[in-house]
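Feature list, courtesy of Swiss-Prot:
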DOMAIN    33-198  domain 'FAD-binding PCMH-type'
ACT_SITE  Arg178  active site
ACT_SITE  Ser227  active site, proton donor
ACT_SITE  Glu297  active site
Amino acid sequence: MFPDLAADLKAAMPDLRGRLLGNEPLAPLTWFRVGGPAQVLFTPADEDDLGYFLSLLPAEVPVLCIGVGSNLIVRDGGLPGVVIRLAPRGFGEARSDGETVHAGAAALDKRVAETAAAAQLGGLEFYFGIPGTIGGALRMNAGANGRETRDVLIDATAVDRAGRRHVIDLAGMQFSYRSSGADPSLIFTSARFRGTPASPDAIRAKMNEVQAHRELAQPIREKTGGSTFKNPPGHSAWKLIDAAGCRGLRIGGAQVSEMHCNFLINIGDATAADIETLGETVRERVKAQSGIELQWEIKRIGVTAGIAG
């Protein structure tokens, strides 16, 4: 348990409309279903509410924004400070306007692909197979099937730690492979994407292909977090992991997927420490076998058990 911060924040922010909770479990909000609590969990009502909250939040309080937790390990000791979770009700918009698709940061990537398809706009089909939200896609330049967020983004809207709103163009996002160089303290709230007119049949065929690939090649019905490690230049992470003999490797309740060995899975009773230790063991074995050091793609946040409180 962390010291109670939520009560003090509520008292200092009488006009807050969103939901503010103290020592709130985060495990149910992640795909791995592991991890400790947030000292404060804030779900803003909308962008104005988020700006109000940040404008009054003491500068020394750490802040982290999460989406649906599909690419996240929350450590067992939880997270000190404030965790902000953007909910679909205030940030889940997905609509088309001509050749532009507007999406809130809490909109599922899959929904954005479907919105584009309904408007007969191609180019965003790759989002159909990414199990996250647009906020996460902006932060990590999410991509699949040879396409990335930087290929379709027009601009993004974000709120800074002072509660001020910014519009960031494509160049300002400073995208690279699975990364953005934009200020890490910014919280993305929405984005605009450019589609290309295409036939409905062609769009649907690409989306079906994406889904079929996921069904056949990825453990999508397990408690997992998606691709664990980035592909090193010129290599596939899963091939390096397989060559190092890590397919099926298990530590505690965590296991390297037999189906796709760049996926770690919670086989029922894993702790965050089990999953992270397994990942580090994989990295060590790959380095020893190939000389290549894998880099985590999954974000690991929080403190280890026993540190909090």
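FYI, residue positions are counted from 1 along the chain as it appears here.
Quick reminder: no glycine exception, Cβ is built from N, Cα and C everywhere.
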Counting across all protein chains shown, how many other Cβ atoms sit within 10 Å of the Cβ of the residue listed as 'active site, proton donor'?
19
Give the mean pLDDT for the domain 'FAD-binding PCMH-type' (33-198) on the 0 to 100 scale.
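Here the predicted model's pLDDT, averaged over the domain 'FAD-binding PCMH-type' (33-198), is 96.
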Ser227 (active site, proton donor) to Glu297 (active site): how many Å between their Cα atoms?
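Distance between the two Cα atoms comes out at 7 Å.
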What's the CA to CA span in angstrom from Arg178 (active site) over to Glu297 (active site)?
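Here the two Cα atoms lie 8 Å apart.
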In sequence order, which residues at least six apart in the same chain have a CB under 8 Å from the CB of Glu297 (active site)?
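Expected: Asn71, Met140, Arg178, Gly226, Ser227, Thr228, Phe229, Lys230.
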Per DSSP, to which secondary structure element type does Glu297 (active site) belong, with helix, strand and coil as the options?
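Reduced to three states, the DSSP call for Glu297 (active site) is coil.
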Give the three-state DSSP assignment (helix, strand or coil) for Ser227 (active site, proton donor).
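SS state of Ser227 (active site, proton donor) = coil.
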